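Per TrEMBL, the feature Zn(2+) 1 binding site maps to Cys14, Cys17, Cys33, Cys36. Residues or ranges marked as Zn(2+) 2 binding site by TrEMBL: Cys87, Cys90, Cys115, Cys118. Look at TrEMBL and you will find 83-123 tagged as domain 'TFIIS-type'. For 14-36, the entry in TrEMBL reads zinc finger.
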Amino acid sequence: MPRLATKIGALLFCPDCGTLLNLPQENEAEVKCEQCGHKEPASSYENIEIITRSHPDAFPSALAQKRKTQTKVHESDDALLRVTELCPQCGHTEAFSKEMQLRSADEGSTIFYTCVKCKFGWRVNN
Ligand SMILES: [Zn+2]
Ligand SMILES: [Zn+2]
């Protein structure tokens, strides 16, 4: 079974390399990761709409945890933060970041970075 993209808000990140995936073009069945060639079915994006529109509490524990641990950062849940972070690929110093709480608090959280310039994606485990 193929791995599906990591969903953060309305954004999809490549499950293999963490790169922010583009939105599918009209009539396109899948989206190809520019970084590693992973192919994400366009249906993944449809699932996002269902989750965000009719199930706002789809990830209640993750959000609750995030509010507890991230009081210093006040951004909306689906906004990407623009941070100063060195891109390992092109050396650019600006990247979008998004922290995602994994299954349980014990496992910590993962910060996803996507280079502003070359769109290279990587992740850092806390
Ligand atoms: Zn990829
Ligand atoms: Zn870069």
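Residue numbering: from 1, along the chain as shown.
Just so you know, glycine gets a Cβ as well, placed from its N, Cα and C.
TrEMBL does not curate its annotations; it predicts them automatically.
Most other Cβ atoms within 10 A: among the binding-site residues Cys17, Cys33, Cys118, that distinction falls to Cys33. Straight-line distance linking the Cα atoms of Cys87 (Zn(2+) 2 binding site) and Cys17 (Zn(2+) 1 binding site), rounded to a whole number, equals 14 Å. Here the binding-site residues are Cys87, Cys115, and the one with the most other Cβ atoms within 10 Å of its Cβ is Cys115.
Close to Cys14 (Zn(2+) 1 binding site) in the fold, though at least 6 residues off in sequence, lie Ala5, Thr6, Leu20, Leu21, Cys33, Gln35, Cys36, His38, Glu40, Gly121, each with a CB less than 8 Å from its CB. With DSSP states grouped into helix (H, G, I), strand (E, B) and coil, the zinc finger (14-36) comes out at 0 helix, 4 strand, 19 coil. Listed in sequence order, the binding-site residues among Cys17, Cys36, Cys87, Cys90, Cys115, Cys118 whose CB lies under 6 angstroms from an atom of ligand 1 come out as Cys17, Cys36.
Secondary structure counts, DSSP: the domain 'TFIIS-type' (83-123) has 3 helix, 20 strand, 18 coil. Those same-chain residues not listed among Cys87, Cys90, Cys115, Cys118 yet with C-beta within 8 angstroms of the centroid of the Zn(2+) 2 site C-beta atoms are Pro88, Gln89, Gly91, His92, Ala95, Val116, Lys117, Lys119, Phe120. Regional average pLDDT for the zinc finger (14-36) in the model is 90.
Each residue contributes its Cα atom, and for Cys115 (Zn(2+) 2 binding site) and Cys17 (Zn(2+) 1 binding site) those atoms are 13 Å apart. Compute the center of the Cβ atoms of Cys14, Cys17, Cys33, Cys36, which mark the site for Zn(2+) 1; besides them, the chain residues with Cβ within 8 Å of that center are Pro15, Asp16, Gly18, Thr19, Leu21, Glu34, Gln35, Gly37, His38, Gly121.
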